[in-house]
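Student: According to TrEMBL, the record shows the following:
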DOMAIN    16-89  domain 'Cation-transporting P-type ATPase N-terminal'
TRANSMEM  72-91  transmembrane segment
TRANSMEM  97-116  transmembrane segment
TRANSMEM  265-286  transmembrane segment
TRANSMEM  298-324  transmembrane segment
TRANSMEM  707-732  transmembrane segment
TRANSMEM  791-813  transmembrane segment
TRANSMEM  856-878  transmembrane segment
TRANSMEM  890-912  transmembrane segment
Amino acid sequence: MVFIYIERKENMKEKTVFQMNVEEVLEKHQTSLKGLSSAEAKKRLEENGPNALAEGKKRSLFARLLDQFKDFMVIVLILAAVVAFAGAIIQNKPEELTEGLLIIAIVIINAILGVAQESKAEQALESIKKMSNPHTTVLRDGQEIIIDVADVVVGDIVVLHAGDYIPADIRIIESINLKTDESALTGEPIPVEKNIDSISQDEVALGDRFNIGYMSTVVTYGRGLAVVTSTGMQTEIGKIATMLSTTETELTPLQKTISKLGKTLAIIALFVVTIIFIIQILRGWFTVGVENIAWIEIFMSSIALAVAAIPEGLPAIITIVLAIGMQNLVKQRAIMRTLPAVETLGSTSIICSDKTGTLTQNVMTITETYLYDSTTKVTDIVNPTKELKMLIDYGVLCNDTKVQLSDEKKYIKIGDPTEIALTDLSIATHDNPIKVLETYPRVHELPFDSERKLMTTVHEIDGKYVSITKGAPDVLFAKATHVNNHGSIEKVTPAIIDTFTQQNQDFADQALRVLAIAYKVYEQKPEVLQLTHDDLENDLTILGLVGMIDPARPEVKDAIIETKNAGIITIMITGDHKNTAVAIATDLGILEQGHLAITGKELDRMSDEEFLEKLPQIRVYARVSPENKVRIVTAWKTTGKIVAMTGDGVNDAPSIKRADIGIAMGITGTEVAKGAADMILTDDNFATIVSAVKEGRTILSNIKKAIHFLLSCNIGEIITIFLGVTIGILLFPNEPQLQILTAAQILWVNLVTDSFMAIALGLEPKEPDVMNQPPRDNSKGVFADGLGKKVAWQGVLIGFITFLAFYIGYLIGDEGNKLQHAQTIGFMVLAISQLFHAFNVRSEKHSTFKLQPNKFLIYAFFGCLVLQLTTVFVPFIANNIFGVDDVLHWQWLDWLVVVGLSVTPLVVVELVKFIQNRCSNKLA
Ligand code: ATP
């Protein structure tokens, strides 16, 4: 019902807002029906602050830094440093202090890197979160504008539609069947009808204040206007909400797997390291005697090895790769709302897409009209008959499009494309929609909703009240008792309904979206007659049909081909007629031979077993209800697929939430749909979903690359040391205190190659065939598909090469300096071979030389190379920290060994890829 009335001001002081009438509320908040001026709103915002619930304090930089020291391995490292310092002091060997200092330096650098990565990821998340902040429509300077909810001030007039979040506490001043869902506040799930009447009682429970709307609750039906009465922490929800804690960044499934893996590796590493430690001690005992054992060195290198074995940087690297990926997705017009969703996106195997606006352009043009038994193309309408004119005018009247004439005498139309098409029909047939609207003003209405698929308005026409209903023909025919047969009103018969149904199908087969228009005449105003929804939308007289084209988006056909190559199934879910959906789905390549199209009703009749059996064949669902959508998502999820589902209406929120990737439309979507979604499409376009999945796949595969790289390098380091204490004993009987690498060297390689190269790998460009592979099966672990094996053998390769480098270095080293020479060559080969190995990891299949270059990896390679050379060329660092050989006196043979062995992993892995590709090509 429409209520706008103004009462006299009475006893304003004692009254609470719900007791006041509209005029009093407006006056109390110094506003008017035109809204505030923008200057006043700005002033109020400055005075009272943003309309937001207070957030918990952000963690300080120091607290974040401190957090980094809570890590188990960091604690081990600090203990190791203490032992190193103590050892140096007890043994009175100040040169041993450097080891302890190096460990402390590494701990600090690691902590700083950790904080920097965390902040970068947080910033990215924060800025993206802002993009999906809820918006609301308010009247400012007499105009409707859309603003951020945070900018709403007391006194603002809010324009409410179904699907909006209520931005603050409000007093309703206009209600057209307004209903809200207040479960967020009161827990009551049934929508509450809102009106503008003042309430006389003093004490009224929140849920019974029918003229008040509360912040964070949802408009589920109807529309209206309201005055903002309190904002932010002054609202009811603000009063009960204790501080909103700043949302902790949720761990993604992969991060959880990795941190679990880290813990397992820590246990294994400690075990292996203990064994290595014991072997070294026993060996020293039996060779040099217990008093000469280099306890500190052995202990330190064991600790270093333990640290090297654990991929402690991986969770942070995954976060940063996901956060950067999220930023790239924004450029592709997809706003992701959580990090876990970015990770899931790449595994999407089913995309359930709306038709209208996502697969099609949502630019509707009516091309056909139908009155009982006669079709007329719009282009052929010259002198419309009385009934045809009625059909056109009724289409203008039962319509929420706002129509204005511009200064250049052009029509400006704002509204839903389906309804704009009806206004356009009036203009195309030389009618004047503005005049029609002024002549027959609306006195009552039932808004459109996608469950009823109907809309009704009531107008005073020639002294009588006429309700006009438009909507889905099949729904409307079922409610008709009469038909207007070119002026004569006849009772409908099954034959007449058949004729209309046939025509509806003929239009739909031509991919037209069809609306039926019907009416009903009353002698008195509907309010006087106290008509219910059902009264208004029953016993209708059918007038005719209009058929409109909504062309497919041109880019969608290619996107569908891409999804097919990528093993992704696209499913069309639409509220539209089955035949229209089938025609468009066939044209786009969604519906092919052997596939099925069903309606929501047919789905309702299916048992769960029957549905699951047919599920893989069904590619089109027409005339669906929001509940149908939830059932479709759930069914696909039970088959283990990762499902993406689009939606825009308030009723779509459950299916959006249920899907693995809930997608809301940025342009046409309601705030509620956006609030429920994981991803918001800023252009509403299906092709964007496909590019987002492509980006998601790249992000996932880049994370896998970082994991592959780090773990294989760690294994390389362990194998090197392990070979030293096993084969090393046999090969170097004269070196009882043999250390393949010093603790400082292991820690350095771990630090330098770890973070930089791994992050650079996380920024790899797309591999050419990223969309030519089936979706990743999330139930299989990250090491499925051979990654585990690759990590293992490539790690072993690096280990053997480093050990070989040490061995050769020992053989060619000068007498008396053999050990240091061997260590230095081993150190160089371990570090540089890992830098080259990063190029192997760029693709599991393709040669690195055939891929698009990754500039970040090239920068990281040269940067790390320079750092590595610093460790041997800068005398202070070389002598005091790493204890390396004097490389300035090296022969060409030494360098040849370093270069030759360092590139070996690259050569070997390239060769293996080449042979594998050859074999698989032959098999194909
Ligand atoms: P999709 O779900 O693919 O976006 P859709 O836009 O057709 O498809 P709905 O908006 O739920 O889905 O519309 C369902 C049906 O309701 C339409 O096929 C049409 O017949 C009817 N309809 C759509 N808009 C209106 C409207 N403004 N007034 C009356 N009936 C409408």
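Cβ atoms are placed via backbone N, Cα and C, with glycine included.
No curator has checked TrEMBL annotations; they are predicted automatically.
Burial and contacts for the listed features, if you can.
Tutor: For the domain 'Cation-transporting P-type ATPase N-terminal' (16-89), the DSSP counts in helix, strand and coil order read 47 helix, 2 strand, 25 coil.
For the transmembrane segment (72-91), the residues of the chain that approach it from at least six positions outside its boundaries are 97, 99-101, 103-104, 106-107, 110-111, 266, 295-296, 299-300, 303-304, 306-307, 310, 312, judged by C-beta separation under 8 angstroms.
Within the same chain, residues 61, 64-65, 68-69, 74, 77-78, 80-82, 84-85, 88, 296, 300, 312-313, 316, 742-744, 747-748, 751, 755, 880-881 sit at least 6 positions outside the transmembrane segment (97-116) and bring their C-beta atoms closer than 8 Å to a C-beta of that stretch.
Same-chain residues lying 6+ beyond the ends of the transmembrane segment (707-732) with a Cβ under 8 Å from its Cβ atoms: 258, 265, 269, 272, 276, 279-280, 283, 301, 305, 308-311, 313-314, 317, 738-741, 746, 749-750, 753-754, 757-758, 761, 782, 787, 790-792, 794-800, 802-803, 806-807, 810, 826, 830, 833-834, 837-838, 841.
The list of residues near the transmembrane segment (890-912) in space but at least 6 beyond its ends in sequence, with Cβ under 8 angstroms from a Cβ of it, reads 794, 797-798, 801-802, 804-805, 808-809, 812, 821, 825, 828-829, 832-833, 835-837, 839-840, 847-849.
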Student: Given the model, what does the mean pLDDT over the domain 'Cation-transporting P-type ATPase N-terminal' (16-89) come out as?
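Tutor: PLDDT averaged over the stretch: 84.
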